[in-house]
């Protein structure tokens, strides 16, 4: 008994309320499995960027840590230890979620990747060779249009590959440099989108899934608003600016259910702009010159290829067609979240499982269509287990569905067509509210009730 008391006395203990006070960039503490860590000095070195840590500062972040970090990362925590949490508590759903993570790890699912990366690379190489041949050695406008469509497919597959490589090593486990090369190749060089920008944006999206003021993937003012809460001109924590809902935003949002697909056809322009803006900013970007050179390479080869077409009409058509085809992927990004539950405020570390399931939507499809969706059809599973290779998402889906049912949490899954209908319905309902000039911030909205729990 005395030995147990002595062992307990040697630790410093703090309460959750005290932990909550350490939530600034200059004083940032987090708790994992009942232990408290001061990660202030680690903030600028965190591989996932500073924003995930800032979003969960002063909280128990065990579930988020488990989701994003392999077992090898745990020993690194010791150097940041400062205390134990005296009122540490684990909910039933978190306990079962962590057990699933442990079971998947023991079963080798996080390392069993299949051949998706190799297949994607081979497909991209064949398609790019076909495109170059078609542009340089054929004179048919129809052939050139077909090449533009193939270019869109290359960008879609490259986007899936870049997405995967940002979450886990798609290449050999012992070759992290090869995985980084894959990221720059698939993201910067082939698509012109900075993988550094994508990781910074996407990590925040995962942590703050469907928070209107924290999740950048929902912040599309003045073009789109998925909730009437945007009518209050919320401040974006990610962009560090106020999302003003003025007369221009009201006009665009009022017709967003009509403009959605046309905008998605050229949405890639926004990704280009976001990438360049980050690379030219003072924000810390790891390996900035790799990113810059990769994006610069894209802006050499793609315009050069387009310039080889025989007329300006075909050049413009080639660009628009390639953008429109890859717009399918941008639509899917929106389907996964636009019609699910949203909230205002910072994410919480102790409701990780609940927030991920409430803010995500699956696309039901047969296995032979998995290539088309690139793993994003299992968005619930992906958000809960972001390190899990896409080839294993269908395998674990029944387990996740069972856990959601047990704890009475939503597990939303719809066909591609039905998901589109729900997204358009969400946009249309918000658009009709935005048209009410006499009531700029409508209350007691039917749409808000319809979208509760996705």
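Just so it is clear, glycine is given a Cβ too, placed from its N, Cα and C backbone atoms.
Taken from TrEMBL, the feature domain 'Cytochrome b5 heme-binding' covers 11-86. Counted with DSSP, the domain 'Cytochrome b5 heme-binding' (11-86) comes out as 31 helix, 20 strand, 25 coil.
Per TrEMBL, the feature transmembrane segment maps to 116-136 (among others).
TrEMBL lists 142-161 (among others) with the feature transmembrane segment.
Residues 117, 124, 154-155, 158-159, 161-163, 165-166, 170-171, 268, 271-272, 274-276, 278-279, 285-288, 290-291, 293-295, 297-299, 302 of the same chain, all 6+ positions outside the transmembrane segment (181-198), place their C-beta atoms under 8 angstroms from a C-beta of that stretch. Among the features that TrEMBL reports, transmembrane segment is placed at 181-198 (among others).
Look at TrEMBL and you will find 260-280 (among others) tagged as transmembrane segment. Long-range contacts of the transmembrane segment (260-280) within the same chain: residues 155, 192-194, 196-198, 200-201, 223-224, 288, 291-292, 295, 320, 323-324, 326-327, 330-331, 334, 423-424, 427, each at least 6 residues beyond the stretch ends and with a Cβ under 8 Å from a Cβ of the stretch.
TrEMBL lists 292-312 (among others) with the feature transmembrane segment. Cβ atoms under 8 Å from those of the transmembrane segment (292-312) belong to residues 131-132, 135-136, 139, 144, 184-185, 187-195, 275-276, 279, 318-319 of the same chain, restricted to positions at least 6 beyond its ends.
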Residue numbers, six or more beyond the limits of the transmembrane segment (142-161), whose CB comes under 8 Å of its CB atoms: 117, 120-121, 123-124, 127-128, 130-131, 134-135, 170, 182, 186-187, 190-191, 193, 268, 309, 314, 317-329, 374-376, 390
